[in-house]
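**Q** Sending over a structure as C-alpha cells; questions will come in a sec.
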Amino acid sequence: MFPKSMSIAEFDPEIKAAIEAEEVRQEEHIELIASENYASPRVMEAQGSVLTNKYAEGYPGKRYYGGCENVDVVEQLAIDRACELFGADWANVQPHSGSQANGAVYMAMLKAGDTVLGMSLDAGGHLTHGAKPNFSGKTYNAVQYGLDNETGLIDYDQVASLAREHKPKMIVAGFSAYSQIVDWQRFRDIADEVGAILLVDMAHVAGLVAAGVYPSPVGIADITTTTTHKTLGGPRGGLIMGKASEEIQKKINSAVFPGGQGGPLEHVIAAKAICFKEAMQDDFKGYQQQVVKNAQAMAGVFIERGFDVVSNGTENHLFLLSLIKQDITGKDADAALGRANITVNKNAVPNDPRSPFVTSGLRIGSPSITRRGFDEADAKALAGWICDILENMGDEGVIEQVKGKVKEICARLPVYER
C-alpha cells in the first residue's frame, strides 16, 4: 500500500521546503534558548516509526484496545528506565508535555479553589506554577513567592511565611528561569510544617539531575514532574514520578488517563525510553558537566563586561541577563541577536518595569551549544559577541561581523553530520 519510495518532497513540496529550511536554520544558527536541545537521530527515528499508528488507551497489561503487546513492551521499558535513571518508585510516561504532567498532578491532588503556593513568573517560575493566565492560576487559589531583592535567590523565609499564612494544599518548587541550586529539603520541611503536598517541577534540570550534577528532588518530593527534552535532550514530552505511595500513584494514573488524555503517543514514549537509555551512558555525565561549565563561562563574560546577571552567576544550565541598566528591551535584544544568527528568548527579570511581551531581559541556556561541541573557550567567545551587539545596538555592521563568526563556528561544529 505504501511503497518505500514515497516521500514528502514529491507529495508536499511546501512542507518539505519548510523542513529543509529549518534544518538549515538549526545548523547555521546558535541556539541559546534554555528549554531547547537537539534530539539524537535515534530519538527521531522512534518518533517516525510505525508505533505512531497504534492506539493504546490504558496502561501496560490493562489496555482498552487489542494488539497492544508490542507497545506494552515499549511503555514498560520507558517506565522501568525512568525509575532506574531517577531513583523513583513509580513513573507515568504518558503525559504529552510538562504542562500536562503538572495539570495531571493538580487534577489528582487538588480540588478547584484549593490554595497552591508556587514561584511567580517574573521571579523565574512557570505558567503552571500559579500564573494568572494559566489553568493553575484560574482554577486554584494561587499564592506566589519570589526572590530576595538583595541576593536574587529564592526567599525561603518568604516561602515559609506565606505557607503559614495561607496553608496551601500544595507547594510547587521548581522553575523555568532560575540559575541557582534549589534547596529541595527546605521546601520539604516547609510543606511538612503546614501539611502540604510537595510537587517539584524539575523540567529544566532533569538532565543535570540524571547525571548527578544537580541535587535530585525525587526522593524528597511527594511527586516530581519533568519534560523529556530540555537538558535531557529527548523528545518533547512529559513525565511524572514519585516515591512509593500506591494511593498517589493511582490518583496520578487516573488523572493522566482518562482524566486529561486519551490514547498515549507510543512513538513518543519509545523515544522517551531511548532518551532515558542515552542518559545512562558514560558520556552523558561529561555532557551535563560541560553544560554547567559553559553556562558559567558565559555568565562570567557578561559580568566582566558590566552586564547584570540575576543572582550574579549560575549553578545550572541557564541564567538571566538583565538589561534594565542598559535601557534595552528584551524584545529588541532578541531581535538584534536573531539577525546575527543567535537565537535567545526575551524574558522578564525580577522587578521588571516592562510588559511580559517586551521585558527587560534575556534568558540564556547552554544545553544546545554544548550538545554540538562548544567548550568554555567557545562559550566565552560567543558571550563576547553577544556583548558586542548589545553594546552597539542598531549597528548592523557589528551584527554582520558577528553573524560571520557564528556561521564559521557552526560549520566547525555541526549538529548532525551529513
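Residue numbering: from 1, along the chain as shown.
Backbone N, Cα and C atoms are what each Cβ position is placed from, and that goes for glycine too.
Pulled these from Swiss-Prot:
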type    : residues                                               : note
BINDING : LEU121, GLY125, HIS126, LEU127, SER355, PRO356, PHE357 : (6S)-5,6,7,8-tetrahydrofolate binding site
SITE    : HIS229                                                 : site 'Plays an important role in substrate specificity'
MOD_RES : LYS230                                                 : N6-(pyridoxal phosphate)lysine
**Q** Measuring Cα to Cα, tell me the gap between LEU121 ((6S)-5,6,7,8-tetrahydrofolate binding site) and HIS229 (site 'Plays an important role in substrate specificity') in whole angstrom.
**A** 21
**Q** When you measure from the Cβ of HIS229 (site 'Plays an important role in substrate specificity'), which residues in the chain that are at least 6 apart have a Cβ under 8 Å away?
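**A** Set apart from HIS229 (site 'Plays an important role in substrate specificity') by at least 6 residues yet with Cβ under 8 Å, we have SER35, GLU36, ASN37, ALA39, PRO235, ARG236, GLY237.
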**Q** Could you say whether, by DSSP, PHE357 ((6S)-5,6,7,8-tetrahydrofolate binding site) belongs to a helix, a strand or a coil region?
**A** coil
**Q** May I ask which residues of the same chain, at least 6 positions away in sequence, place their Cβ under 8 angstroms from the Cβ of LEU127 ((6S)-5,6,7,8-tetrahydrofolate binding site)?
**A** SER99, LEU121, PRO133, ASN134, SER136
**Q** What's the CA-CA gap between LYS230 (N6-(pyridoxal phosphate)lysine) and HIS126 ((6S)-5,6,7,8-tetrahydrofolate binding site) in angstrom, rounded?
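**A** That comes out at 14 Å between the alpha carbons.
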**Q** In Å, how large is the greatest distance between any two Cα atoms among LEU121, GLY125, HIS126, LEU127, SER355, PRO356, PHE357, the listed binders of (6S)-5,6,7,8-tetrahydrofolate?
**A** 16
**Q** Restricting to the same chain and to sequence separations of six or more, state which residues have a Cβ under 8 Å from that of PRO356 ((6S)-5,6,7,8-tetrahydrofolate binding site).
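**A** Listed in sequence order: LEU121, ALA348.
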**Q** Minimum Cβ neighbour count within 10 Å among the binding-site residues LEU121, PHE357: which residue?
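**A** Each of the binding-site residues LEU121, PHE357 was scored by Cβ atoms within 10 Å; lowest is PHE357.
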**Q** Of these recorded positions, HIS126, LYS230, which scores lowest on Cβ atoms within 10 Å?
**A** HIS126
**Q** Under a criterion of Cβ-Cβ distance under 8 Å and sequence separation of at least 6, what residues of the same chain contact SER355 ((6S)-5,6,7,8-tetrahydrofolate binding site)?
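**A** In sequence order, no residue meets the Cβ cut-off.
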**Q** Looking only at Cβ atoms, how many others are within 10 Å of the one on GLY125 ((6S)-5,6,7,8-tetrahydrofolate binding site)?
**A** 24
